[in-house]
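One structure is given below, encoded as structure tokens.
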Amino acid sequence: MRRKSIIGYILSISILLLPAAVFADADEAAVEASAKYDEVAVSKLISKTNVLDLRAKSAVLMDAASGKILNEKNSHEKLAIASVTKVMSMLLVMEAVDSGRLSFEDRVSVSDYAAGMGGSQAYLEAGEEFAVSEMMKALAIHSSNDVTVALAEKVSGSEEAFVADMNRRAEELGMKDTRFLDCTGLNDDGYSSANDVAIMSRELVTRHPKVLKFTGTWQDTFRNGTFRLDNTNKLIRYYADTDGLKTGFTNKAGFNLSATTRRNNLRLISVVLGEPDSNTRFAEARKLLDYGFANYEMVSMDKKGELVGNINVKKGTKLQVTAAYGNDTSVLVAKGEKGKIEKEVKLVPELTAPILKDQKVGEIIYKIDSVEVGRYDLVANEAIGKVSFTKLFAKLFIRWFSVGRA
């Protein structure tokens, strides 16, 4: 009896000494799994919600194409973001895939360390192997911590090295309110802001749109159909045209969400952090998206390859090169202002050969009431080589001879 009491006492002390992060994410796994989306409750919350008076501690509505902030609340407040951290983890994995350093078919071997992750998980066992694409499903849909760590080790060699890469990438993107301590969000001492979450979300969905086939999936399976994956982002099912991105919860962080929706060529990113409950999280994210789609539109302007004007070329095989639009162009405007858009073309005054095809030679600037609303590169529509000394001398000689005879 005395021995059992001692063992019980030791176990109690051991539990108290376990890292708080373990309990934080254990809560996340249970809470996200049990959080039922109540459409009636969400609709009532939306009807009562004022986008200028959100319950979220921090929030942002961003246009994905331009990065323009359309609405915000305390957008630079540093907060714990729980599993929304995995937006950056997905970004680094997708960068590795799209750069060719990794492929979706590559196999990932599970380490003892990865298999030991708590909280939301796919119950990986050390030594198991899965394709990168299979693991991305479990990361994006189910928020699996063990899978996230296994992918981190595959990309950077260790979670520690991967986290260093996460922070380096955050700095490159201008995320000044962020410090990552792990790749999962288990550690509540890491932090970010709604503004920074929107920045990394934008980078992920605009530069690596293939990720949306994972984040936009409502239900799937893992391990040959034996493990069901349910998306914790209920807007995937209940808010039309939503195809991402990531939820997160801990007791310290509250309920968090980075959501992205695309309608009529306009993609918006809605971020809410520190919400009091799950339904309020989804209601306020939806309210921001509703506000954006109701008040703004993306206007298509000019097509890639359309010609703009000519630029004189020195020492080239041709005397002029034609400037063209380098990409299709579009402009975000408030609804009702489409007819006010004006163009300003800025070309370099002169170029010296050689000139590369698609070399930048100017800019097109779109304005409304003299305020810039969009800017795109103009490029050379062809390559022009540098004329040789012999040909240049011959040209000068012919020109001189012609003038002399005249």
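Yeah, the Cβs are placed from backbone N, Cα and C, and that goes for glycine too.
Because TrEMBL annotations are produced automatically, they should be read as predictions rather than curated entries.
TrEMBL lists S83 with the feature active site, acyl-ester intermediate. Annotation source TrEMBL lists active site, proton acceptor at K86. Annotated active site per TrEMBL: S143, in sequence order. Taken from TrEMBL, the feature substrate binding site covers K246. As annotated by TrEMBL, domain 'Peptidase S11 D-Ala-D-Ala carboxypeptidase A C-terminal' applies to 296-386. If you look up TrEMBL, you'll see 1-24 marked as signal peptide.
In the structure as shown, the Cβ atom of S83 (active site, acyl-ester intermediate) sits within 10 Å of 29 other Cβ atoms. In this structure, the C-alpha atom of the residue listed as 'active site, proton acceptor' lies 8 angstrom from that of K246 (substrate binding site). If you take every residue in the domain 'Peptidase S11 D-Ala-D-Ala carboxypeptidase A C-terminal' (296-386) and average the pLDDT, you get 97. In three-state terms derived from DSSP, the residue listed as 'substrate binding site' belongs to an extended strand segment.
The C-beta environment of K246 (substrate binding site), restricted to residues of the same chain at least 6 apart in sequence and closer than 8 Å, consists of S83, V84, K86, V87, M90, A140, S143, S201, T215, N233, L257, S258. Remark: secondary structure over the domain 'Peptidase S11 D-Ala-D-Ala carboxypeptidase A C-terminal' (296-386) totals 3 helix, 56 strand, 32 coil, with classes taken from DSSP. When other Cβ atoms within 10 Å of the Cβ of the residue listed as 'active site' are tallied across all protein chains shown, the result is 31. When other Cβ atoms within 10 Å of the Cβ of the residue listed as 'active site, proton acceptor' are tallied across all protein chains shown, the result is 28. When secondary structure is read from DSSP and collapsed to three states, the residue listed as 'active site, acyl-ester intermediate' falls in the helix class.
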